[in-house]
Amino acid sequence: MTNSNRIKLTWISFLSYALTGALVIVTGMVMGNIADYFNLPVSSMSNTFTFLNAGILISIFLNAWLMEIVPLKTQLRFGFLLMVLAVAGLMFSHSLALFSTAMFILGVVSGITMSIGTFLITQMYEGRQRGSRLLFTDSFFSMAGMIFPMIAAFLLARSIEWYWVYACIGLVYVAIFILTFGCEFPALGKRAPKTDAPVEKEKWGIGVLFLSVAALCYILGQLGFISWVPEYAKGLGMSLNDAGTLVSNFWMSYMVGMWAFSFILRFFDLQRILTVLAGLAAILMYVFNTGTPAHMAWSILALGFFSSAIYTTIITLGSQQTKVPSPKLVNFVLTCGTIGTMLTFVVTGPIVEHSGPQAALLTANGLYAVVFVMCFLLGFVSRHRQHNTLTSH
């Protein structure tokens with residue numbers, strides 16, 4: 001593979017995470033405006049975003065097999081067409097059914113693109129380099145989470161319709177579409193280069209179960225937390241701009257943390273540092289949830305920084321549970337994380353309706369505690385140490 005081709009594929013991976021980050025994170029900012037647009041209460045409107053999350057889940061789950069049937073380049077180009085149709089549907093329709101359909105399509109496109117992005121990184125890089133590359137790739141999720149709430153706040157404050165936020169997000173996919181030209185993708189399935197060595201099937205082990213539960217609880221906790229921070233902050237008397245700044249600060253700190261940990265992680269055992277970070281994140285979220293508005297800005301910055309490496313380290317450890325990284329295993333852990341995304345409003349919507357936004361934030365805190373327990377238990381069964389020893393010889 002040429003260096004320029006590797007760079008293009010790496011940038012497609014970066015932007016695939018930015019696309020998903022923008023679509024998922026901007027929800028909390030635009031939800032109130034979309035609820036007004038359709039004359040629905042916010043708690044009811046949040047349920048329609050489950051279509052976005054369901055699209056992401058289904059596409060990541062199916063793409064473990066689709067990648068071997070449909071070429072990756074074809075998937076990305078077809079995704080561009082679907083993206084245009086979905087954004088057009090949001091802009092020109094006043095129907096809630098069409099809105100839900102467009103959200104589902106956006107989810108499908110986002111899930112396919114992100115699973116391709118993750119696969120490309122695990123395919124091109126090995127060992128600890130894979131972990132740091134995945135972490136840097138995931139930082140684009142956070143970068144989008146910092147930039148797009150600011151864009152949304154800017155547009156909404158000037159009474160520009162909410163659907164223009166999604167048009168701006170569509171520009172990320174335009175960049176992915178352009179990068180597919182003159183770029184060679186790894187061949188999979190029947191098109192993959194044949195080798196004489198027999199393919200050895202490995203059992204995944206119980207460590208994959210612990211990692212999958214951790215991925216689900218982490219994403220459900222994170223998105224359950226960040227989706228309701230704006231409503232919680234407004235309930236404490238903050239303006240929409242200040243609430244948006246809290247969300248942007250979280251993702252800015254998350255992004256900086258990812259860049260820092262992409263270097264720091266090289267010097268530590270992944271399972272041990274993951275356990276420490278999960279414990280710290282649970283404590284810091286509790287400080288935010290029970291603290292005063294004066295301390296919220298600092299606690300959310302600290303939470304963003306120390307939780308930044310958790311999800312990517314879970315995926316990296318998942319890929320290291322077998323000698324040869326398996327696309328199906330990586331996609332399985334990703335799928336569990338995406339189930340967390342899909343359940344975000346299914347779980348938190350009724351909690352907010354009955355007990356208010358702070359109850360949703362405390363629920364998220366409990367989920368972070370579960371992540372800590374899973375990471376601690378992983379220490380007794382993880383295979384990543386023996387596989388790292390084998391690859392280093």
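Heads up, residue numbers simply count up from 1 along the chain you see.
Glycine too: its Cβ is placed from the backbone N, Cα and C atoms.
What Swiss-Prot lists as transmembrane segment is 11-31 (among others).
Per Swiss-Prot, the feature transmembrane segment maps to 51-71 (among others); the stated evidence is sequence analysis. Within the chain carrying the transmembrane segment (51-71), a Cβ under 8 angstroms from the stretch's Cβ atoms is held by residues 20, 23-24, 27, 100-101, 103-112, 114-116, 119, 185, 187-191, 327-328, 331-332, 334-335, 338-339, 341-345, all 6 or more beyond its ends.
Feature annotation from Swiss-Prot assigns transmembrane segment to 78-98 (among others); the stated evidence is sequence analysis. Within its own chain, the transmembrane segment (78-98) has Cβ neighbours under 8 Å at 38, 40, 48, 105-106, 108-109, 112-113, 163, 166-167, 170, 173-174, 176-177, counting only residues six or more beyond its boundaries.
As annotated by Swiss-Prot, transmembrane segment applies to 101-121 (among others), with the evidence given as sequence analysis. Only residues 6 or more beyond the boundaries of the transmembrane segment (101-121), in the same chain, are considered here, and those with a CB under 8 A from a CB of the stretch are 9-10, 12-17, 19-20, 23-24, 48-49, 51-60, 63-64, 66-67, 72, 75-76, 79, 82-83, 85-87, 89-90, 93, 130, 133-134, 137, 166, 173, 176, 185-186, 315, 327, 330-331, 334, 338.
According to Swiss-Prot, the transmembrane segment annotation covers 134-154 (among others), on the basis of sequence analysis. Through the fold, the transmembrane segment (134-154) approaches residues 10, 13-15, 17-22, 25-26, 28-30, 117-118, 121-122, 162, 165, 168-169, 172, 226, 240-241, 244, 247-248, 250-252, 254-255, 258-259, 261-262, 265, 304, 308-309, 311-313, 315-316 of its own chain, all at least 6 residues removed from its boundaries and within a Cβ separation under 8 Å.
The feature transmembrane segment is assigned by Swiss-Prot to 162-182 (among others). Tertiary neighbourhood of the transmembrane segment (162-182): same-chain residues 8, 11-12, 15-16, 18-19, 22-23, 26, 29-30, 33-34, 37, 73, 76-77, 79-80, 83-84, 87, 90-91, 106, 109, 113, 144, 148, 151-152, 155-156, selected by CB-CB distance under 8 Å and a gap of 6+ residues from either end.
Sequence annotations record features per position, and here Swiss-Prot assigns transmembrane segment to 206-226 (among others).
Per Swiss-Prot, transmembrane segment is recorded for 245-265 (among others), and the stated evidence type is sequence analysis. Non-local neighbours of the transmembrane segment (245-265) in the same chain are 21, 25, 28-29, 128, 131-133, 135-136, 138-139, 142-146, 149-150, 226, 229-230, 233, 238, 273, 296-297, 300-309, 312-313; each lies 6+ residues outside the stretch with a CB under 8 Å from one of its CB atoms.
Outside the transmembrane segment (273-293) by six or more residues, the chain places 214, 218, 221, 225, 233, 236-238, 264-265, 299-300, 302-303, 306-307, 309-310, 313-314, 317, 358, 361-362, 364-365, 368-369, 371-372, 375-376, 378-379 with a CB less than 8 A from a CB of the stretch. The feature transmembrane segment is assigned by Swiss-Prot to 273-293 (among others), with sequence analysis given as support.
Counting same-chain residues at least six beyond the ends of the transmembrane segment (297-317), those with a Cβ under 8 angstroms from any Cβ of the stretch are 118, 130-131, 134-135, 137-139, 142, 207, 211, 214-215, 218-219, 222, 229, 246, 249-258, 260-261, 264-265, 270-271, 273-274, 277-278, 280-281, 284-285, 287-288, 291, 330, 333-334, 337, 368, 371, 378, 382, 384. The annotation transmembrane segment is assigned in Swiss-Prot to 297-317 (among others) on the grounds of sequence analysis.
If you look up Swiss-Prot, you'll see 332-352 (among others) marked as transmembrane segment, on the strength of sequence analysis.
For 361-381 (among others), the entry in Swiss-Prot reads transmembrane segment, with the evidence type sequence analysis.
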Query raised in the report: Near the transmembrane segment (332-352), which residues from the same chain, at least 6 beyond its ends, have a CB less than 8 A from one of its CBs?
Result: 24, 43, 46-47, 49-50, 53-54, 56-57, 60-61, 64, 111, 114-115, 118, 208, 211-213, 215-221, 223-224, 227-228, 231, 311, 314-315, 318, 359-360, 363-364
Query raised in the report: What same-chain residues lie close to the transmembrane segment (361-381): Cβ under 8 Å, and 6 or more beyond its ends?
Result: 205-207, 210-211, 213-214, 217-218, 220-222, 224-225, 228-229, 232, 271-272, 274-275, 278-279, 281-282, 285-286, 288-289, 307, 310, 317, 347-348, 351
